[in-house]
Amino acid sequence: MSILIINGPNLNLLGKREPTIYGSDTFEDYFQKIQEEFGQIDLEYFQSNHEGEIIDKLHEKGFNIDGIVLNAGAYTHTSLAIADAIAAIKSPVVEVHISNVFKREQFRHHSFISSVCVGSISGFGLDSYRLGIEALIRVNKKI
Ligand code: DQA
């Protein structure tokens, strides 16, 4: 089974970026842990600060892998183009957020991508990604 994690803008700064909200672990360290934990799964990781690059990656991988865990960062709240790309591909996409976006500013409460994802996970810190992978394992068992 193959799963791709995509992180959007500013998530390359995890560990340094607003640690009271996003924690002090780097994504690279966390990714190493989950690779060990889900040893039977072919896990890939991609990060970009550019909307078009995220769309290109969804197109490239979205017809040949078993699922995508996507934290689109602030593009969640702005990008119809990413929503259209998710709708266009075949692989199921789980939306994840590190913080609980519903406890935060009003502008973070709306997501353009929720309605085209299989589901959304928000507020569990970096464990949101782990839960996203678990969700995709279950989704794939039903296919
Ligand atoms: C985020 C929440 C977004 O509102 C924000 O713009 C991010 C990170 C999260 O993981 O909690 O960049 O997606």
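For all residues, glycine too, the Cβ spot is worked out from N, Cα and C.
A TrEMBL annotation is a machine prediction, not a hand-curated record.
As annotated by TrEMBL, site 'Transition state stabilizer' applies to Arg17. Long-range neighbours of Arg17 (site 'Transition state stabilizer') (same chain, six or more residues apart, CB within less than 8 Å of its CB): Asn10, Leu11. Under the DSSP three-state reduction, Arg17 (site 'Transition state stabilizer') is assigned to coil, being neither helix nor strand.
DSSP assigns Tyr22 (active site, proton acceptor) to a helix in the three-state reduction. If you look up TrEMBL, you'll see Tyr22 marked as active site, proton acceptor.
Per TrEMBL, substrate binding site is recorded for Asn71, His77, Asp84, Ile98, Ser99, Arg108. Mapped onto three states, the DSSP output places Asp84 (substrate binding site) in helix.
According to TrEMBL, the feature active site, proton donor maps to His97. Look at His97 (active site, proton donor): DSSP puts it in a strand. Counting only residues at least six positions away in the same chain, the Cβ atoms of Asn71, Thr76, Ser120, Ile121, Ser122, Gly123, Ser128 sit under 8 Å from the Cβ of His97 (active site, proton donor).
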Quiz prompt | Close-lying recorded positions around ligand 1 among Tyr22, Asp84, His97, where CB distance stays under 6 Å | solution = His97
Quiz prompt | Site extent for substrate (largest Cα pair distance over Asn71, His77, Asp84, Ile98, Ser99, Arg108, Å) | solution = 24
